[in-house]
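For reference, TrEMBL has these:
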TRANSMEM  25-43  transmembrane segment
TRANSMEM  55-74  transmembrane segment
DOMAIN    152-270  domain 'Palmitoyltransferase DHHC'
TRANSMEM  197-217  transmembrane segment
TRANSMEM  229-254  transmembrane segment
Amino acid sequence: MVAFCGALSFFPCLSNPDRRSSFCLKLVLVMLHLTYVGILFGFDKELIQKTKQGPWYTAVYLLLLVATLAKYFVVCSSSPGYVLDAMRAMNETDASRNRETITSIQPASSKNGSVVITINRNQLEKNLLGSGTTSWEKLVMDMYPPGTSARSVTCTYCNIVQPPRAKHCHDCDKCIIQFDHHCVWLGSCVGQGNHCWFWWYLCSETAFSLWTGTLYIQYLISHVSKPWWSYAIVFLLLAVLSICLFFLILLFIFHSYLILTNQITFEVLRKRRIPYMRNIPEGVFPFSKGACRNSYEFCCARSSKYRMEPLPTALELEEKLRPYTYSDVLSCRCC
């Protein structure tokens, strides 16, 4: 116990229980990857022989492992896009703009009747930052239909006006822009700020797991022996491995589908509980701009760190409800 407390004194970041649990999860995930690779290279003689004959095979495999772990840590260290940070960034921008427009008035003598104005710089900055809250509220409320009450879209925990598609995460205790889900293995949320990196991590993880799973399947099938119980063990291991690979591939396909249709997991799973999604007909993607444009904006068009989308108007929803025709297909309406 004393040694543990001493270790915490050298690593202050581990003194927080939440950070300590997150660090343990990251350590477990890294150890799992290294264990899977170590077992293969320690027991599979055919793989070792293939490595000696073609070093490039092992080099590509290890590079994929490094890329997967690197992307994992990038996702963990990336901000999901906190609403509070977006509001502060907007307040600071408004404050700097207002500060530039203020002209300092030099003290004048009483002979010409000019008024002497004394400006308190610290108080001025507080007032500018405080007045930015109104600008934030106006910006967010413009994204909702006319007549929407600010109280109905205000987070009761953070006491800030939430833009559309934002949600308060009870694990992080913060509101997230385009909240997708809270990932236990990441120790943080997946939102607008790190969803792209999360998808790229899924790509690497799926490719690495498929490669590793194939090697394990080949090894298990080639080393099955005569006793009946060995067949049962191999069959059980193959079943568990196949189920894990299936769910990982399914997760990758699901998030790719979300990207192409500009959806988030929270909207798909809790559609009837979200006020702005209740009246959306089935099969209509209210925020979709077409598969190509959705993919481009998701991966490339990062013009703003905090990108918020307004709710679609009634005319836009009516256009999305219109059935496809041959001319729409030829004109790539879906793209």
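Cβ coordinates come from backbone N, Cα and C, glycine included.
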Open item on the list: Should anything in the same chain at least six residues away from the transmembrane segment (25-43) have a Cβ under 8 Å from its Cβ atoms, list it; otherwise answer none.
Closed with: 51, 62, 65, 68-69, 72-73, 76, 184-185, 187, 208, 212, 215-216, 219
- [ ] Please work out the helix, strand and coil residue numbers for the domain 'Palmitoyltransferase DHHC' (152-270) from the DSSP assignment.
- [x] 69 helix, 14 strand, 36 coil
